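Undergrad: One structure is given below, represented as structure tokens, and several questions about it will come after.
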Amino acid sequence: MEAIVALAFAFLVFPFSSPAQALSSNYYDHTCPQLESIVRSAVQNAMSNDKTVPAALLRMHFHDCFIRGCDASVLLNSKGKSKAEKDGPPNISLHAFYVIDNAKKALESKCPGIVSCADILALAARDAVAMSGGPSWDVPKGRKDGRISLASETRQLPAPIFNISQLKQNFAQRGLSIKDLVALSGGHTLGFSHCSSFQNRIHNFNATLDVDPTMNPSFASKLRSVCPAHNKVKNAGSPLDSSNLIFDNAYYKLLLQGNSIFSSDQALLTTPKTKALVSKFASSQKAFEKAFVESMIKMSSLTGGQEIRLDCRVVR
């Protein structure tokens, strides 16, 4: 869930299927019992070569679920002039699609035409968290893959410049609560953001101030040195927290210290209810992990697909 960039706040949301749509933890027990070990191996192999894979998979799953439900539409390639979600502005920096491809290829050799790409992505996101030191959980399965993927719909993703009202509305449109909002924001414990996603806080903040006054001055100064006003370095940016390869509650502790990256992170301190949850998760990793797991299961149960793709990047 790195830089969740969107050009505008969209109020139009396409309907998702019921969260109860035929999902169950043992959905593939008889048809593809090797599923979880195959996906886990694909994630593990990728992680051994690239430490950024867990953050990439978690963010990919989040971005998939927030548009048309968790239907693997984020994996589809653009076709001609029809630009797919992965080519929408917020998704340009998504990567590690090959992890899902590798898992799908292995699964097709063991149980052809059985496992959806959407389920593979949901499992990979869970494994990414667990392999980074975070919790594990039973992932309800039985999602189908979607056939529609439009770059224009990435405007529906919550943006790093959102205030608390926009965030609450964006999550509520998907049946997600304020607690879900704060818990899922904790996914920012993994990952990295490019300068463009927090430039608004460290340069020309408003008519009178150059820097967001809610930021810790020394932290803001550090970010300004990495991301100057007219930054020319393509991959310049900052880790999302101080232990960005480990799934922990450091994100919330840093948030309370004024060391958060996005405006949308800081926004969590602007209402009593969200601030209380930030404080609770900062003081208890156990409470954070419990809430995160519950919210991940809830979010990943937003379904909307119709088929089982044989190639995760192309509709059948």
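Cβ from N, Cα, C; glycine included.
Marked as active site, proton acceptor by TrEMBL: His63. Per TrEMBL, Ca(2+) 1 binding site is recorded for Asp64, Gly69, Asp71, Ser73, Glu85. For Pro158, the entry in TrEMBL reads substrate binding site. The heme b binding site annotation in TrEMBL covers His188. Residues or ranges marked as Ca(2+) 2 binding site in TrEMBL: Thr189, Asp241, Asp248. For Cys32-Cys111, Cys65-Cys70, Cys117-Cys312, Cys195-Cys227, the entry in TrEMBL reads disulfide bond. If you look up TrEMBL, you'll see 22-316 marked as domain 'Plant heme peroxidase family profile'. Annotation source TrEMBL lists signal peptide at 1-22. Positions annotated as site 'Transition state stabilizer' by TrEMBL: Arg59.
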Undergrad: Around Thr189 (Ca(2+) 2 binding site), how many other CB atoms lie within 10 A of its CB?
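TA: By my count, 30.
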Undergrad: Taking the Cβ of Asp248 (Ca(2+) 2 binding site) as the centre, how many other Cβ atoms fall within a 10 Å radius?
TA: 20
Undergrad: Taking the Cβ of Cys111 (disulfide bond) as reference, which residues of that chain separated by at least 6 in sequence fall under 8 Å from it?
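TA: The answer is Tyr28, Thr31, Cys32, Gln34, Leu35.
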Undergrad: Along the domain 'Plant heme peroxidase family profile' (22-316), what average pLDDT does this model show?
TA: 96
Undergrad: Roughly how many Å lie between the Cα atoms of Gly69 (Ca(2+) 1 binding site) and the residue listed as 'active site, proton acceptor', rounded to a whole value?
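TA: Between the alpha carbons of Gly69 (Ca(2+) 1 binding site) and the residue listed as 'active site, proton acceptor' there are 9 Å.
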Undergrad: Do me a favour and check the Cα-Cα span between Cys117 (disulfide bond) and Asp71 (Ca(2+) 1 binding site); whole Å is fine.
TA: 8
Undergrad: Taking only C-alpha atoms and a 10 A limit, tell me which of Asp71, Ser73, Pro158, Thr189 are near Cys65 (disulfide bond). These are the binding-site residues.
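TA: Neighbours among binding-site residues, in sequence order: Asp71, Ser73.
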Undergrad: Reported as an integer number of Å, what is the Cα distance between Pro158 (substrate binding site) and the residue listed as 'active site, proton acceptor'?
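TA: The Cα atom of Pro158 (substrate binding site) is 9 Å away from the Cα atom of the residue listed as 'active site, proton acceptor'.
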Undergrad: For the recorded Ca(2+) 2 site formed by Thr189, Asp241, Asp248, name the remaining residues of the chain with Cβ within 8 Å of the site's Cβ center, in chain order.
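TA: Surrounding the site, in chain order, are Gly186, His188, Leu190, Leu240, Ser242, Ser243, Asn244, Ile246, Phe247, Asn249, Ala250, Tyr251.
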Undergrad: Counting every protein chain present, what is the number of Cβ atoms, excluding its own, within 10 Å of the Cβ of Cys65 (disulfide bond)?
TA: 30
Undergrad: Could you state the CA-to-CA distance between the residue listed as 'active site, proton acceptor' and Ser73 (Ca(2+) 1 binding site) to the nearest Å?
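TA: Between the alpha carbons of the residue listed as 'active site, proton acceptor' and Ser73 (Ca(2+) 1 binding site) there are 10 Å.
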Undergrad: In whole Å, how far does the CA atom of Asp248 (Ca(2+) 2 binding site) lie from that of Cys312 (disulfide bond)?
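TA: Asp248 (Ca(2+) 2 binding site) to Cys312 (disulfide bond), Cα-Cα distance: 31 Å.
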Undergrad: If you measure C-alpha to C-alpha, which of Arg59, Cys70, Glu85, Asp241 (recorded positions) come within 10 angstroms of the residue listed as 'heme b binding site'?
TA: Arg59, Asp241
Undergrad: Measure from the CA atom of Cys70 (disulfide bond) to the CA atom of Asp64 (Ca(2+) 1 binding site) and give the result in Å, rounded to a whole number.
TA: 5
Undergrad: What's the CA to CA span in angstrom from Glu85 (Ca(2+) 1 binding site) over to Cys70 (disulfide bond)?
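TA: Here the two Cα atoms are 13 Å apart.
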